[in-house]
Amino acid sequence: MLKFVVRRLLLLVPILFGLSVLLFVWLRALPGGPAQALLGERATAESVARIEALYGLDEAWYVQYWKFVSAAVQLDFGNSARTNRPVTEEMLRTFPATFELAIAALIFAIGIGIPLGYFAARKYGSWLDNLSVSGSLLGVAVPVFFLAYILKYVFSVKLGWFPTQGRDDPRIDADHPTGFYVLDGIVTGNLEASWDAIMHLVLPAIALGAIPLAIIVRITRASVLDVVHEDYVRTAEAKGLQERTITRRHVLRNALLPVVTVIGLQAGLLFSGAILTETVFSFDGVGRFIAEAISNRDYAVLQGFILVIAAMYVVVNLLVDVSYGLIDPRVRVR
Amino acid sequence: MTTTEPLLDVRDLSVTFARKSGPTVHAVDGVSFTVRPGETVGLVGESGSGKSVTSLAVMGLLPRRGVRVGGQVLFDTDDLLTLPRDRMRDIRGRDIAMVFQDPMSSLNPVVPIGVQVTEVLERHQRLRGDKASAAAAELLSRVGIPDPTRRLKEYPHQLSGGMRQRALIAMALACQPRLLIADEPTTALDVTIQAQIIELLKELVQDTGAALVMITHDLGIVAGLCDTVHVMYSGRIVESAGRRELFAEPRHPYTGGLLASVPRLDAPRGAPLHPIPGSPTDVLRWERGCAFAPRCPNRLDACTDGPPPLETLPGRRLRCLNPLSETEEVPA
Ligand SMILES: Nc1ncnc2c1ncn2[C@@H]1O[C@H](COP(=O)(O)OP(=O)(O)OP(=O)(O)O)[C@@H](O)[C@H]1O
Ligand SMILES: [Mg+2]
């Protein structure tokens, strides 16, 4: 098991190396540069050159790349050209926000998706089944930003049930030792702040969780439909076991195997969905920060953030594979 | 034979499957038979003759949708077909147990063998914890699984096919059922293992006094095991008799054909086998005549005029207008 984990983690090295080269070359091939973005349309050639010299952008790309890599291995990604703060500091601020949002989105998607998929399968062909199938088709088809706008317009602007933007109400005094606002409220004993953070999370989490929800419903339903016809479920019935034992031990344990894989894949993809969701809800997380970095050609931020996200994607998938091994003895690695 | 009350009394059982496209399938059509306590009964027939559907109907395990079940299945004077579902759950696994065809797919791959054995004990005998584990280990060793305490912790994929079938037999016998139904329990196994499993079943039903319904298409198995044999063809019983009578003197041409197609240990080496010509898909609907008529060497014109009745003869039931004569030699 340990060997397996180590081997997979070692794989990170070539992945990150290849990705960093691609990223580096691609960013520099984009029209316009950070100096241009910083100084605006009417920048003079000299001022652009001065800025470029300041950030070392006048050197050959491989020299720049070498400097970047030797700093990055020490977790130094340079400074943001826009905020002028260290990229790592920006990461520590924005990653907890997006993690909190992603976790909320997954709780929403899993908490509703698995039961709904299960009951749709058990009531195969019923109105509940038809509704969940067509609902899940709709769920993957609706663009995230469109859904986000609709949710915001209806439930925040019109009905006023939820705040329209941000992560917290500035009128509430709160400390943020971890950067996870819900958790911060709990550890500092400020439950009002926790509740406020939750209310700020609801709509963005629904918008971000909609696609994973739709996919989890469909996979769970299909998987349960398969498993209930398996011979071992018939064996369990022949033993006269109670229905809840059969459901939990014999149907769900097997039916959830493919669902776990899908959840892992979706969890990795949440970052791209977060760009749109966070922008709509002015949610101060990774997604919004990257979106701004793109329009500002903020090389240091893009390089650092995208590499860290890629590394996390690999780690999330590793976690999924490990947990898969824990629930399926056939793939258990020794 | 004793004249005790039957333990299981299947009366005029019929099962039809409604299909979205095409006609409904009459999988079982007016089947009646009894099983007395401790008796071993064979249900024999080619693929598709309705053996499994019959056993699933007795167990109450047919799918609920699109299936119509008629007749009666009396067990202890209860009609299992009309029993409330939770009463039926109490009976399954405790009074009637079943072993299925494919041990590879009949065990849950992600649950340890031990849990799959103890869950029956927990359910019906309220055994828990160490007591249940000890009883489970005892059961495994009884069905010939070596090192049972270790096996309890293992998963199905760590056991061979034969061991898995033994484990499934252990689960079925866990609560000392009075009736065990075995649906082709050896078809998926190697020949050498097959003999061991049959021997094991024979021993176990003798020791526990359980009645056994043995479903098979292999008359060799029936010959070594069963007291009474029912031969099914296309959903109906075509001949029933005691084992001796049936083997000594098959009357239905289909039974005769089955016997002729069995390799016999006492036959000279290289003696030809005689498979029944045609295939079981080549059937007539019973309403229009004898379903076996298209393949039957003894066919008369009358055979395709209407369904032949199941006649009761001394020591035998027979559904045939032109049976093999009582002294006719089985082609060997
Ligand atoms: N769930 C089902 N839906 C529709 N038809 C079915 C279903 N189950 C069985 N049948 C039909 O019922 C008939 C009898 O099937 P059954 O499984 O009882 O045969 P069998 O005698 O057990 O054969 P085998 O030796 O292959 O196990 C077959 O024609 C089959 O197609
Ligand atoms: Mg069968």
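Heads up, the Cβ atoms here are built off N, Cα and C, so glycines get one too.
Copied over from TrEMBL, here are the features:
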- A:95-320: domain 'ABC transmembrane type-1' (DOMAIN)
- A:101-121: transmembrane segment (TRANSMEM)
- A:133-155: transmembrane segment (TRANSMEM)
- A:197-217: transmembrane segment (TRANSMEM)
- A:255-276: transmembrane segment (TRANSMEM)
- A:305-327: transmembrane segment (TRANSMEM)
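Beyond the ends of the transmembrane segment (A:101-121), by six or more residues, the same chain brings 128-129, 132-133, 201-202, 204-206, 208-210, 212-225, 228, 252, 255-256, 259, 263, 266-267, 270-271, 273-274, 277-278, 283, 285 to within a C-beta distance below 8 angstroms of the stretch. Contact check: the transmembrane segment (A:133-155) against the transmembrane segment (A:305-327) gives fewer than three Cβ pairs closer than 8 Å, residues 6 or more apart, which falls short of the contact criterion. Long-range Cβ contacts of the transmembrane segment (A:197-217) within its own chain (Cβ-Cβ under 8 Å, at least 6 residues beyond either end) map to 100-102, 104-110, 112-114, 116-117, 120, 132, 135-140, 142, 144, 147-148, 151-152, 155-156, 162-163, 166-169, 181-182, 184-185, 259, 262-263, 266-267, 269-270, 273-274, 277-278, 280-281, 283.
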